[in-house]
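Taken from TrEMBL, the feature transmembrane segment covers 20-40, 52-70, 82-106, 113-133, 153-172, 289-312, 332-350, 362-385, 397-418, 430-451.
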Amino acid sequence: MWGFEASTAVRSEGEKIVSVVVPLMKLLSLTVIGLILAHPKYQLVPRATFKLLSKLVFALFLPCLIFTHLGEAITLANVAKWWFIPVNVVISTGIGCILGYFVVLICRPPPEYVRFTIIMTGFGNTGNLPIAIVKSVCHSADNPFGAHCHKSGVAYVSFAQWVAVLLVYTLVYHMMEPPLEYYEIVEEGIEIEEQPNTDISRPLLVEAEWPGMEDKETEHCKTPFIARIFNNSISSGSQSTFPDLDLMEEGAGASTSPRGGSRSPRSIRCLAEPRMVRKIRIVAEQTPIIHILQPPTIASLLAIIIGMIPQAKAFVFGADAPLNFITDSLEILAGAMVPCVMLVLGGMMAEGPNDSKLGVRTTIGITVARLLVLPLVGIGVVALADKLNFLVRDDEMYTFVLLLQYTMPSAILLGAIASLRGYAVSEASALLFWQHVFAVFSLSVYIFVYFKLLDYV
């Protein structure tokens, strides 16, 4: 009897290992196929084709997947129940940034890459890769999450995307600006030139989640904008770039007689916008908040709005819905998302790691902190949230997605932001390459651990 129980336990343990490894092997196989197709030695598929495929994923396949799965699963009641998913993204990012600061203290990266180290440790992939993992895990009939595995898993991941995108296009965008001390000031701030050794080429890997980012460049993208605004010695002499500040200075310093009809300096100071408020306003105006409205984010917003209105949802989703033929068509397109995104990732990685000045020690430090340490902290955070009754009861996929948010490598979108800002482009590409290589092993270990933990939830 004991022997039978032991053999059953061994078999179930082996089945659990297989249920973890096989989904990742499926994704790895697709990535390897993409790598072979794009390998520079053979060039079976040209570089331009992968860029086009990346645009299709970004503008068509991923939005279709998000809209069909999130829109069908979400309701007004679910929005209230799922509140911890976006909060968990903020918590994981904050903890990751703290770990990044410790990496800076321990590994001592070059001074110009301190902010870069913190960002790359803090911000993980919340979009394509988690969706691909969830879809792959749910692909088998004996998955541990039940019949609604696909729709609930993709819905949970999609519901977290908007907060991650908001953080990237506000906080990360400004933190990734080139450091002021590594720029050369010419003619008292009228022109600022980047030192010639900075590589502003665009490796394919950094365009995997934001193709065509060169069309989004603005006047201040590749300049230390915030540093120049808040550095008094530079902003005060920069009349051509920021005339608003200087006009305020001239008005505040004017001294005319009250009888002449002009206001006194004291009255001008009272009426004028405070200098610090004006600086903050100028920075806010230059923040590319419009970039948040990308196709995947628009699809998420539409799905949430339609899903929360029962009449609209009945009109769009469901077997008897008048627009069912449209949602079915979108679902067919959505089926191409996972294979295409993994092929694109393989094609991007075929170029290999770029040259990096970050240093081997810092690269290892970021990888270890992001892929090994942060998931351990995430287990503690999710366990605490479970004790505080923040989680959805009897929903293992909900808990799995929360844990998965701590396990992802750095977001590929960070490479696109680095390219947009002209800061650490090669370093971002090299770091993303190595993290995605080692993520194959770390994800296998931690997904197995998560499956074990879910048995006790």
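Backbone N, Cα and C define each Cβ position, glycine as well.
Just so it is clear, the model here is predicted, and its values are computed rather than measured.
Taking pairs at least six residues apart, the transmembrane segment (289-312) and the transmembrane segment (52-70) share three or more Cβ pairs below 8 Å and count as touching. Contact between the transmembrane segment (430-451) and the transmembrane segment (362-385) is supported by 3 or more Cβ pairs under 8 Å, counting only residues 6 or more apart in sequence. Contact between the transmembrane segment (332-350) and the transmembrane segment (397-418) is not supported, since fewer than 3 Cβ pairs fall under 8 Å when only residues 6 or more apart in sequence are counted. Among residues of the same chain six or more beyond the transmembrane segment (397-418), those with a C-beta under 8 A of the stretch's C-beta atoms are 82, 84-85, 88-89, 92, 116, 119-121, 123-130, 133-134, 145-146, 149, 152-153, 156-157, 160, 164, 168, 172-173, 176, 203, 205-210, 213, 366, 370-371, 374-375, 377-379, 381-382, 385-386, 391, 424-425, 427-429, 431-432, 435-436, 439, 442-443, 446-447, 450, 453-454, 457.
Sequence-distant contacts of the transmembrane segment (153-172), counting only residues of its own chain at least 6 positions beyond either end whose CB sits under 8 Å from a CB of the stretch, comprise 65-66, 69-70, 72-74, 82, 85-86, 88-90, 93, 119, 123, 126-127, 130-131, 134-135, 137-138, 145, 287-289, 291-292, 294, 296-297, 300-301, 303-304, 397-398, 400-401, 404-405, 411, 413-414, 417. Beyond the ends of the transmembrane segment (82-106), by six or more residues, the same chain brings 74, 114, 117-124, 126, 156, 159-160, 162-164, 167, 362, 365-366, 369-370, 373-374, 377-378, 381-382, 385, 390-392, 398, 401-402, 405-406 to within a C-beta distance below 8 angstroms of the stretch.
Only residues 6 or more beyond the boundaries of the transmembrane segment (20-40), in the same chain, are considered here, and those with a CB under 8 A from a CB of the stretch are 47, 50, 132-133, 136-137, 139-140, 338-339, 342-351, 440, 443-444, 447-448, 451.
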